[in-house]
Amino acid sequence: MAELPGIVVTGASGRMGQMLIETIRASEKARLVGVVERAGHDWIGQDIGAAMGGAELGVRVTDDPLEAFANAQAVIDFTAPEATLEFAALAAQARAVHVIGTTGMTDAQIADLGPAARHCPQIRAGNMSLGVNLLVQLTRQVAAALDADFDIEVIEVHHNKKVDAPSGTALMLGEAAAEGRGQNLADISDRGRDGITGARKRGDIGFTAIRGGDIVGEHDVLFAGEGERIVLRHMATDRAIFARGALKAAIWGQDQGPGQYDMVDVLGLSAR
Ligand SMILES: NC(=O)C1=CN([C@@H]2O[C@H](COP(=O)(O)OP(=O)(O)OC[C@H]3O[C@@H](n4cnc5c(N)ncnc54)[C@H](O)[C@@H]3O)[C@@H](O)[C@H]2O)C=CC1
Ligand SMILES: O=C(O)C1=N[C@H](C(=O)O)C[C@H](O)C1
């Protein structure tokens with residue numbers, strides 16, 4: 001019987017890193033073979049299970065990603081944009097599937113991921129949950145069915161530690177709405193209103209970001225017309241939904257050639 005795919009988790013001490021480690025540990029379809037944290041972190045050298053406050057898992061936290069990736073079939077990476085760029089090059093070198101959940105990347109940083117994907121499958125999504133990826137499709141359909149008499153606003157709500165805005169999910173939803181209208185989001189995006197902004201521009205897609213407490217992640221797409229409103233909503237109450245999606249992507253990626261993929265590919269959702 002073929003050995004289960006060996007997976008490395010980067011950003012091991014993070015909110016998502018720990019959730020991913022738990023998810024892989026509990027899975028019968030993959031093995032945890034490495035965990036990476038940034039140099040200088042307290043957990044470097046410790047057993048990851050013990051560092052997380054539980055039983056030892058026999059995997060030590062390292063700050064050497066190249067060494068960790070060398071023996072892995074997949075890398076699951078929910079860290080920060082600069083780190084993800086470094087990991088993309090190293091995953092390519094190791095020919096390991098690179099699953100990228102990191103958000104807040106600039107367009108230039110996203111373009112810089114391209115060369116690495118010539119050597120390994122690279123699966124990236126601002127949200128790895130089934131529910132949000134379905135909501136993206138619904139948003140595209142509703143936007144295509146309505147004209148610009150309906151103002152579109154994407155409202156996202158997250159915990160007070162989140163460092164990027166709009167969220168990666170909000171951008172996915174905004175892009176889907178723009179596609180539904182046959183437009184580029186960059187041309188009609190309205191972000192960061194403050195002061196005398198003037199009336200809302202017809203056809204724009206607005207973004208609102210709310211931060212507070214321990215909220216895992218909530219996204220509304222509001223279609224506001226004269227005398228009626230439609231709201232499409234996703235509410236995440238458990239980070240496990242993102243970890244399960246990422247693990248599914250890492251396993252799915254074992255059968256793919258080099259290239260760039262997203263969760264629509266992984267989940268086999270209907271054509272765009
Ligand atoms: N695509 C998705 O479904 C989801 C994406 N995210 C995104 O994942 C990212 C991480 O989110 P959280 O876990 O909440 O953040 P966090 O701040 O709790 O964790 C990030 C971890 O990455 C580590 N890190 C940073 N630079 C590193 C480096 N060079 N080498 C190794 N480790 C490094 C940090 O030390 C930290 O432990 C964010 O961009 C967030 O938006 C979060 C949830 C779901
Ligand atoms: O940082 C988070 O927590 C989340 N980030 C992702 C995003 O930016 O959309 C996904 C999820 O909403 C949680």
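Just so it is clear, glycine is given a Cβ too, placed from its N, Cα and C backbone atoms.
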* Asked: Given TrEMBL annotates GLY11, ALA12, SER13, GLY14, ARG15, MET16, GLY101, THR102, THR103, ALA125, GLY126, ASN127, MET128 as NAD(+)-binding, which of GLU37, GLU82, GLU86 belongs to that site as well?
  -> GLU37
* Structure fact -> Across the binding-site residues (SER13, THR102, THR169), the Cβ with the fewest other Cβ atoms inside 10 Å is that of SER13
* To do: Tell me which recorded positions (ARG38, ALA125, LYS162) have a Cβ under 6 A from ligand 2; sequence order is fine.
  => LYS162
* Of all the binding-site residues given, namely SER13, GLU37, ASN127, which is spatially nearest to THR169 ((S)-2,3,4,5-tetrahydrodipicolinate binding site) at the Cα level? -> ASN127
* When you tally the Cβ atoms that lie within 10 Å of each candidate's Cβ, which of the binding-site residues (GLY11, GLY168) has the highest tally? -> GLY11
